[in-house]
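Engineer: First the structure, then my questions, so here it is.
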Amino acid sequence: MAGADGDDSLYPIAVLIDELRNEDVQLRLNSIKKLSTIALALGVERTRTELLPFLTDTIYDEDEVLLALAEQLGNFTMLPPLESLATVEETVVRDKAVESLRKISQEHSPVDLEVHFEPLVKRLASGDWFTSRTSACGLFSVCYPRVSSTVKAEIRQHFRTLCSDDTPMVRRAAASKLGEFAKVLELDYVKSDIISLFTALASDEQDSVRLLAVEACVSIATLLPQEDLETLVMPTLRQAAEDKSWRVRYMVADKFSEKAVGPEITKNDLVPAFQNLLKDCEAEVRAAAANKVKEFCENLPEDNREQIIMTHILPCVKELVSDTNQHVKSALASVIMGLSTILGKDNTIEHLLPLFLAQLKDECPEVRLNIISNLDCVNEVIGIRQLSQSLLPAIVELAEDAKWRVRLAIIEYMPLLAGQLGVEFFDEKLNTLCMAWLIDHVYAIREAATCNLMKLVEKFGAEWAQNTIVPKVLGMANDPNYLHRMTTLFCINALSEACGQDITTKQMLPVVLKMSNDQVANVRFNVAKSLQKIGPVLDSNALQTEVKPVLEKLATDTDMDVKYFAQEAISDVKLRSTNQSSAQDRPPLAALQNKVF
């Protein structure tokens with residue numbers, strides 16, 4: 001019996017081994033995902049003595065399997081297999097192994113961290129292959145805060161060594177973790193160690209290393225006292241802003257608004273540097289800087305913010321409005337409207353409004369769309385009517401653009417514009433445009449236009465719909481083009497609930513019933529679907545006396561699809577009628593409460 005028990009206890013590990021050695025990758029993946037169950041079955045001791053060595057010895061597999069293994073091992077305190085996975089060639093596997101190791105480190109006590117985890121980090125940091133050294137860079141910051149002073153000194157030394165490694169990939173990894181490591185160091189060591197490493201990495205021969213050092217600058221700047229920024233950080237930042245590589249300058253532009261360096265440094269250094277980035281010879285850099293214009297201006301010192309913007313930033317912005325690159329103009333258009341809230345009404349009307357109008361007339365549709373989608377910013381400051389005369393031609397042009405996706409995008413903004421313009425202005429200028437979209441040759445446009453009408457009715461009310469929209473929609477029921485007749489049905493489906501029972505029964509229902517005699521089968525089966533859709537809005541009398549006879553007639557149609565949808569609608573109407581009858585026959589709640597059972 002004891003022997004049988006022993007065999008049973010070996011079964012889980014035997015299954016795991018068999019599946020891990022199977023040729024089918026999916027079976028191996030399934031086995032990896034069962035590690036928690038296997039370990040539970042084996043117990044702590046056998047997991048340590050049998051499962052752990054086996055996993056460590058089998059770190060030679062497809063990347064997909066290794067990635068799953070690295071993720072699963074994060075649920076165990078199994079350092080050896082994760083150490084092996086942190087040295088493999090595939091980057092995603094290494095990154096997942098490092099992620100699991102970082103997770104496991106939080107479960108170690110300070111003593112265990114020094115005895116087991118920190119030696120692992122040292123082995124990785126001094127490994128022969130660059131893969132292990134890159135992985136080590138991501139582990140220094142998680143163990144540094146909880147180890148002794150002696151071990152901390154060793155960790156700092158290892159990090160310094162990796163920052164000057166011969167392999168660019170290792171220096172890149174160190175640069176990417178520089179800011180994270182700086183946050184856990186004592187301030188004195190930030191000044192003595194990190195700043196020198198930052199300066200060296202920011203001057204690296206590889207631009208991929210330099211741009212990551214610039215990214216770390218954001219974290220370092222937040223750690224230092226204001227008086228140290230000028231001497232320790234700004235020289236390197238100035239150098240990066242004028243770097244020969246556009247990728248480095250791009251990173252400076254992208255991170256610019258995040259640098260809290262104080263009013264004096266901002267005025268004397270950052271503003272001129274930002275101006276240069278806005279005028280950069282590379283379009284990618286100009287686009288990144290343009291995208292940060294609003295953020296940068298918001299972070300300027302309040303006491304002289306307006307003067308700095310008007311004197312230094314706005315002239316550059318005016319040049320970008322007519323930039324030769326459409327990505328630059330599009331990036332600027334997405335944020336320029338936000339300057340109106342910073343500069344106020346007078347400056348907006350005098351200086352910004354001409355720029356908005358120029359962009360509304362830009363040949364690039366994306367630029368015009370970005371302006372229209374941010375109109376609410378200007379509306380808060382100067383009111384939308386001041387823009388209306390120049391805005392409408394741009395809207396009409398977009399609405400008739402040859403690219404249907406551009407037309408679709410402007411439809412999505414129409415409810416927003418309608419709310420800003422008001423019902424009278426909308427009826428006068430834009431109503432005809434909205435109705436024209438209903439007969440567009442692209443179905444996606446007709447569908448979006450139908451949804452647009454529903455949103456407009458929700459915004460302006462049923463009475464407006466009855467007087468303005470419904471007559472025009474119902475008029476399309478006589479259109480020679482069957483697609484347009486079908487659009488009438490789609491509109492009725494969308495508008496019935498918003499318009500209410502009275503309008504639906506008296507105005508819409510007769511048109512739908514009349515269309516049941518249409519010569520085109522597609523229209524007839526959509527009549528059946530429409531009657532089913534608007535049924536909940538109608539009263540039971542209309543359902544029984546008007547809807548049901550038409551559906552029964554359609555159920556005998558020669559077209560199979562018409563018959564099918566008519567029968568579906570009849571079943572739905574019958575069910576609804578039964579529910580209504582049951583509700584009417586049910587005694588009042590008060591009578592039930594008074595009845596003695």
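Every residue gets a Cβ built from N, Cα and C, even glycine.
Feature annotation from TrEMBL assigns repeat 'HEAT' to 12-50, 155-193, 194-232, 270-307, 313-351, 352-390, 391-429, 469-507, 508-546. Per TrEMBL, the feature domain 'Phosphatase 2A Regulatory Subunit A helical' maps to 140-248.
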Engineer: Take the repeat 'HEAT' (194-232) and average the pLDDT across it for me.
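Structural biologist: Per the prediction, mean pLDDT sits at 85 for the repeat 'HEAT' (194-232).
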Engineer: Take the repeat 'HEAT' (194-232) and count its residues per DSSP category (helix H/G/I, strand E/B, coil), listing them in that order.
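Structural biologist: For the repeat 'HEAT' (194-232), the helix, strand and coil counts are 33 helix, 0 strand, 6 coil.
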Engineer: Counting only residues 6 or more past its boundaries, what in the same chain has a CB within less than 8 Å of a CB in the repeat 'HEAT' (352-390)?
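Structural biologist: Distal contacts: 317-318, 321-322, 326, 329-330, 332-334, 336-341, 343-345, 397-398, 401, 403, 406, 409-410, 413, 416-417, 420-421, 425, 429.
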Engineer: Which residue counts does DSSP yield for the repeat 'HEAT' (508-546) in the helix, strand and coil classes, in that order?
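Structural biologist: Across the repeat 'HEAT' (508-546), the residues distribute as 34 helix, 0 strand, 5 coil.
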